[in-house]
Every structure is written in structure tokens, then in C-alpha cells.
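Look at TrEMBL and you will find 34-433 tagged as domain 'RecF/RecN/SMC N-terminal'. TrEMBL lists GLY63, PRO64, ASN65, GLY66, ALA67, GLY68, LYS69, THR70 with the feature ATP binding site. Residues or ranges marked as region 'Disordered' in TrEMBL: 135-155.
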Amino acid sequence: MVTVSDTRDFIPMSDAGIADAGVEASERGPAVRIETLRLNRFRSYGDARITVPTWARLVVLTGPNGAGKTNVLEAISYLAPGRGLRGASMVDVVHRQGGDADRGDADWGDADWGDIGTWAVSATLSVAGESIRAGTGWTTPEKRGSGGSGRRQVRIDGQTYPSSAALGEHWTVSWLTPQMDRLFIEGPSARRRFLDRMVIGLHPDHARQVAAYERAMRERNRLLAGGAAADPRWLAALEARLAEHGVAIAVARVDFVAQLAGQLSGHLAEDDRDGSGQDSAFPQAALAIDGWLEGVLADGMAATDAETMMAARLETLRGEDAAKGRTGAGVHKSDLVVTHLGKAMPAGQCSTGEQKALLIALTLANCRLQTALKGRAPILLLDEVAAHLDATRREALFANLARLGGQCWITGTDRALFEDMAPGTALFEVKTGIVTAVSADVAGTTKKTEGKED
């Protein structure tokens with residue numbers, strides 16, 4: 001296990017030219033913000049358009065359960081590499097009418113971009129003062145005129161990209177959902193996905209490395225299932241690819257966890273108001289990676305030597321892996337281990353409230369780290385987070401969000417939870433197929449916009 005005790009130096013946000021104080025952040029506005037958002041044939045929305053005030057740092061979506069609040073957050077999450085905050089298949093997000101999938105044509109919302117296929121999400125974003133148009137969507141095999149699988153498309157300022165990884169070169173999106181509340185008590189795979197999603201925020205190519213590793217592993221497993229007929233030379237080539245991508249993944253994970261641990265400890269020192277050594281709202285966490293490849297790299301082994309060692313290990317495990325039908329060694333077995341430092345207790349053994357607080361602490365630390373190193377905070381999506389916090393932690397969360405200076409989208413069923421939030425908060429009401437913005441800006445002027453289903 002790689003225990004991160006020698007953390008990287010804490011980098012305050014001010015050292016990267018980012019304001020520490022919420023007042024300065026609110027005056028400046030988010031370095032990355034969504035200005036307009038369109039959902040076309042996506043989930044519960046036939047065609048919805050949302051315009052966000054330029055001054056808004058916090059965007060609050062309120063409405064009853066089932067109204068479509070999370071669908072808006074999911075749409076935003078597709079403006080980042082990966083499969084969105086639900087991890088759904090592309091066909092599952094297609095707009096449905098009367099229980100049947102809508103077979104119409106979706107478009108980007110710009111005539112010169114044309115139709116994209118079955119569903120589309122597009123936005124105009126401001127990135128460091130520059131306006132960027134971006135969109136993504138999915139085309140069914142029928143629309144492609146082929147019998148194969150559908151295809152996801154990504155466009156940025158009119159240019160088409162073969163992979164969603166291109167989105168990560170411009171901005172990052174982070175999120176917390178109620179489904180993640182069980183992160184510390186579920187199996188390692190959920191924690192690996194959580195870790196890798198954060199790593200992608202600093203290293204967009206990490207998504208490609210993970211995808212390539214998984215493809216090579218599936219192909220190796222398929223060849224091993226063929227028994228003696230498997231070509232040893234092809235197996236050796238696949239194992240070399242697994243080693244190459246596996247070491248790249250492990251290096252990025254070790255580097256990121258060290259940086260995140262430094263951000264956690266540095267923020268604790270800044271926020272230790274009562275001298276107790278603990279943040280009263282969000283507990284301090286110790287981080288470790290339980291993985292043999294991450295371990296040898298953290299101990300100083302050169303990456304090339306680690307690749308050679310991993311390829312050799314995979315070769316010796318061929319017989320065992322063939323019998324079990326899976327690859328038994330590699331970064332797909334690693335785990336993120338989180339400990340409540342104040343109690344010296346594994347996160348999985350903490351109370352439900354403490355686990356939630358630890359998860360928020362990690363997410364906020366990740367946002368601060370990206371702000372310090374990249375000069376801009378990620379777009380943060382918080383689904384029903386405030387409703388499950390006590391008043392103290394809810395107040396602390398809102399204060400932390402204001403200090404980040406990034407744009408945050410928050411959902412909740414109880415509008416009263418958000419009415420005392422700081423200036424820079426835009427309130428939207430969500431009903432099935434309709435998003436209505438009714439909020440007061442910092443000068444007290446009421447603003448209203450609507451996004452309606454066709």
C-alpha cells in the first residue's frame with residue numbers, strides 16, 4: 001500500500017493568481033462558466049435552453065423529485081470526458097415520449113453545425129474571458145447507416161473531435177451525487193473510478209490511458225479463453241501494452257494523490273480557527289493507494305523497469321488468469337484508501353454523516369488543487385448535497401464554494417435551504433420539461449428566463 005505521508009507542498013490559491021477572499025472572487029466571476037446550455041432530446045427534455053447570468057457563481061436548481069434537476073447536471077457532465085455522472089449508456093439518455101425512445105434528429109442549436117443524431121447537449125462557455133461553443137451527442141447505428149454500434153460526437157468551436165478527451169483540454173467538470181454516498185463501503189471499483197475522474201481533471205490524457213488499458217485487458221482475456229490456441233506472440237504484445245498503459249495510470253495516480261494530500265493538509269492549517277488541529281465542518285483525511293504497481297513506483301522504481309516487471313508478471317500469470325477468466329494483476333485491482341485522520345478510523349467505518357463530510361472534503365480539495373495548478377476551478381455539480389447536511393456543514397459548504405470562485409450547480413427540493421446564500425447565486429425552478437430562472441442579482445434586480453420542451 002502506498003501511504004501518502006510525504007505530501008507535495010501545499011499551493012495556496014493566491015499563489016496561482018486566484019483570490020483567497022470570496023468578495024474578490026464574486027467581483028471577478030468564475031474563470032470558467034457556462035453562459036448558455038441547451039438540452040436537445042435528452043432525458044426528460046425535448047428541447048430546453050438555459051441562460052445563466054454572467055454574475056452567477058452558484059446556480060441552484062430547485063423543484064420536486066422527478067422534475068429533471070439531475071438530468072440538467074448529467075447533461076453538463078457530458079461536456080467533460082467520460083460517460084457522465086450516471087455512467088449511463090448512450091442510448092439510455094435518449095428523450096422518451098410515451099415510454100418510447102424519440103427517434104427524431106437532435107441538433108447543436110447552431111444552424112452551421114447541423115444535425116448530430118439522436119440526442120445533443122451544447123453550451124456556450126466563457127473560459128478566461130474567451131467565448132467557446134462546445135457540444136456532444138450520440139448517433140444511433142440506424143442513423144449512421146451501419147449495423148455496428150452508435151457513435152458519440154464532440155465538437156468545439158465547429159471542429160469535430162474523435163474523442164471526448166478533447167473537452168478536458170479546455171475545462172474540467174467535477175460532481176457529487178447521492179449514489180456516491182456509499183463510496184467508502186462499496187467495492188474498490190467505485191473508488192478507482194472516483195480517483196481516476198479526479199486525476200483526469202489535472203491530466204486529461206489519463207482517460208485515454210485508462211480506456212486503452214481496459215481494451216488491451218479485454219483482448220488478453222479473450223485470447224486466454226481460447227486456451228492453447230492463443231498466440232504467445234500476440235499475448236506478449238498485449239501484455240506489453242497493458243504494462244505501458246498501466247504504468248502511465250499508476251504514475252498519474254501516485255502524483256495526484258500526493259498533490260491532493262498536500263492540499264488537504266494545507267487547507268486544514270489555514271482553516272484551523274480554534275487551534276484544535278481539525279476543521280470543525282469537514283474532517284481531515286489521510287490518503288493511500290493500495291496497489292502493487294503504484295507501490296513500486298512510489299518506492300522509486302523507474303517507469304521503464306516497472307513496465308518490464310509488470311509484463312513479466314502477466315506472462316507468469318497466463319495459466320492462472322486463463323483458468324479464472326480474468327486478469328489477476330494490474331492497476332484495475334488498485335484501491336483508494338481514505339482514513340478519518342482525527343479518529344484514526346477507516347472511512348468505511350465512520351458514520352454516514354462523517355463519510356459524507358469526508359467525500360465533500362476530498363471534492364473541495366480537488367477543486368482547490370485544480371484552481372492552484374491550472375488557474376481556474378472546475379465546474380462543480382452537487383446533486384442533493386445540501387439537503388443531507390446539518391446547518392453547520394451546509395454553511396461551511398456554501399462558504400467554501402464562494403471561496404473557490406468557480407461556477408457550481410446545485411440541486412435541491414427545498415428552496416428555503418438556498419435563500420440565504422451569498423450574492424452571486426442564481427435560482428432556477430425546475431418542472432417537467434421546463435426550467436425557469438427567477439432570482440435577484442447582486443443589485444437586487446429580478447431576472448427571468450425559461451427553457452421549454454418542444
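From the backbone N, Cα and C atoms, a Cβ is placed for every residue, glycine too.
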With the cut-off set at 10 Å between Cβ atoms, which of these binding-site residues ends up with the most neighbours? Options: ASN65, THR70.
THR70
Cβ-based isolation winner (fewest other Cβ atoms within 10 Å) among the binding-site residues PRO64, ALA67:
PRO64
When you measure from the Cβ of GLY66 (ATP binding site), which residues in the chain that are at least 6 apart have a Cβ under 8 Å away?
THR432
Within 10 Å of the Cβ of GLY68 (ATP binding site), how many other Cβ atoms are there?
25
What's the number of neighbouring CB atoms sitting within 10 A of the CB on GLY63 (ATP binding site)?
20
Given the recorded ATP site (GLY63, PRO64, ASN65, GLY66, ALA67, GLY68, LYS69, THR70), which additional residues of the same chain have their Cβ within 8 Å of the Cβ centre, ordered by sequence?
THR411, THR413, VAL430, THR432
